[in-house]
Amino acid sequence: MNYPHPIIAREGWPFIAIAAVIALLIHAVGGFGFAWPFWLLLVFVVQFFRDPQRPIPAQPNAVLCPADGRIVAVETAHDPYANREALKISVFMNVFNVHSQRSPVDGAITKVEYFPGAFLNAAIDKASTENERNAVVIQTASGKTVTSVQIAGLIARRILCYVRAGEPLSRGQRYGFIRFGSRVDVYLPLGSRAKVSIGEKVYASSTILAELEQ
């Protein structure tokens, strides 16, 4: 079952209200000829904060995509948050993607750790280690460790995370949000099988990133 939430993310309500008030005031004073760019801005803000429900695949060993976007890395890398070698899959989100983050697996959170950092272009590799980021480490019922890392970007400078260590997470459960373009890295146990490739467009909760080794 998908985690219930408004179709327009709560994180965007203040921005939408401000954009709507500005558009209305300018329209009232100068008419549509002056106000249309601000109405266009309002439409952009609303679409940015959309947060639609998504179908969740039923395969028990599937690792779901935590965010909408495009795959920019599928590689073996060191997972500094769980201190291991891992399969790393990275998703880059541009300003037109949905920006909520959802849990890739069922499990219990063993660690939530925030790191201040830079605001480099989130599409480049060194954003993984140099940018502001927040790591959520999850242990599945079978003992597998999955790390999901929210990473700020050039424009995105606000990471929101709503979970803490010790709490359970369900696959597809909404646990965070990053405003205005960003990246999510997922670290999986070696032996996991990637089901996506670089450049592929992916969707939170409904795209299978990988399959855990059984």
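Numbers here mean position along the shown chain, with the first residue as 1.
Glycine is treated like the rest: Cβ placed from N, Cα and C.
In the three-state DSSP scheme, Ser182 (pyruvic acid (Ser)) falls into the strand class. Taken from Swiss-Prot, the feature pyruvic acid (Ser) applies to Ser182.
Marked as active site, schiff-base intermediate with substrate by Swiss-Prot: Ser182.
Around the Cβ of Ser182 (pyruvic acid (Ser)), a 10 Å sphere holds 33 further Cβ atoms from the protein chains shown.
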